[in-house]
Amino acid sequence: MMLFGCRRSLWCALSFLGAAAGYRVGSAYLGTSVLQNQTPFELRNSKVVTQCTMKVELIPALTDNYMYLLIDEESKEAAIVDPVQPQKVVDAVKKHGVKLTTVLTTHHHWDHAGGNEKLVKMVSGLKVYGGDSRIGALTQKVSHLTTFQVGSLHVKCLYTPCHTSGHICYYVTKPNSTEPPAVFTGDTLFVAGCGKFFEGTPEEMYAALIEVLGRLPPETRVYCGHEYTINNLKFARHVEPCNDAIKQKLAWAKETYNSGEPTIPSTLAEEFTFNPFMRVREKSVQEHAGERDPISTMGAIRKEKDHFKVPKD
């Protein structure tokens, strides 16, 4: 979400300016004191997803954001995705005993890129990647299919404009590994949803979701920018009330979130079963939208979602 016009803009500004000496990560406090103005979301548990070749720590930030610490287990080199709260990043890096070398910025909005300039002052020598000159502290501007390494991990940049005109998703693999790849999707693809079309069109979001992300291996794990899963699934249920995959995922998401755990990651295979924006080619979604083609359907359901009143149940 953008800082301007953002319903939490005041909180965003205050949380960034306030010096954070300590944070809760898992069940332990880090640092010397606790930030008085932390949101309930920030106090939720972090989550570590471990594979034999890479480790991803989901770090809650602000009111519903996630930062992701990506660790190459072989070299102990690390990258951070969208480090809006730099002190929390530094604390996580120290906890894991790794070397932070890289910042992966999905887009320029404050709640994703707003910590870059502070972080590069806290950690020297960082390479800051992104696809938009509006990104703070940018050192490496990338484009579609740009590749680079984080230790032994291979990172491929995927250009997915629409939410913003310079949005990049980061697809991470380990050569010769049998483990699932990971993709960090920022505000393009959410669990059961997609980002608002602030600087783009239905055609662009269709291309991003179906023709770019949708062609990645189905087992790819999706790490998105926000904890919007429950509300997204309630809209998905509204679009397809008879879809059992949506009902099952919503029940799971409620239970998982209420237990203090993130509902992320999902997989691309899952998204095609319950995400209406990934299902715009399905007859049931087109009939709900009153459209006959997937791109018109994409535009119609995004417009409807923008004004959707989320039910309590």
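Backbone N, Cα and C define each Cβ position, glycine as well.
Site annotation for Zn(2+) 2 in Swiss-Prot covers D111, H112, D187, and the matching candidate from H226, H238, H288, H307 is H226. When the candidates H154, H163 are compared with the Zn(2+) 1 site entry in Swiss-Prot, which names H107, H109, D187, the shared residue is H163. Residues in the region 'Disordered' (285-313) partition by DSSP class (helix H, G, I; strand E, B; coil) as 18 helix, 0 strand, 11 coil. Counting residues 6+ beyond its ends, the compositional bias 'Basic and acidic residues' (301-313) has Cβ neighbours under 8 Å at 193-194, 196-197, 202, 205, 231, 234-235, 238-239, 276-277, 280, 285, 288-289 in the same chain. Cα-Cα distances to D187 (Zn(2+) 1 binding site) place K196 within 10 Å, out of the binding-site residues K196, F198, R302. In space, F198 is the closest of the binding-site residues F198, E227, R302, E304 to H107 (Zn(2+) 1 binding site), judged by Cα positions. Shown in sequence order, A289 are the residues of the chain, 6+ apart in sequence, with a C-beta less than 8 angstroms from the C-beta of E304 (substrate binding site). In this structure the alpha carbons, written CA, of F198 (substrate binding site) and H163 (Zn(2+) 1 binding site) are 5 Å apart. If you measure from the Cα atom of H163 (Zn(2+) 1 binding site) to that of R302 (substrate binding site), you get 12 Å.
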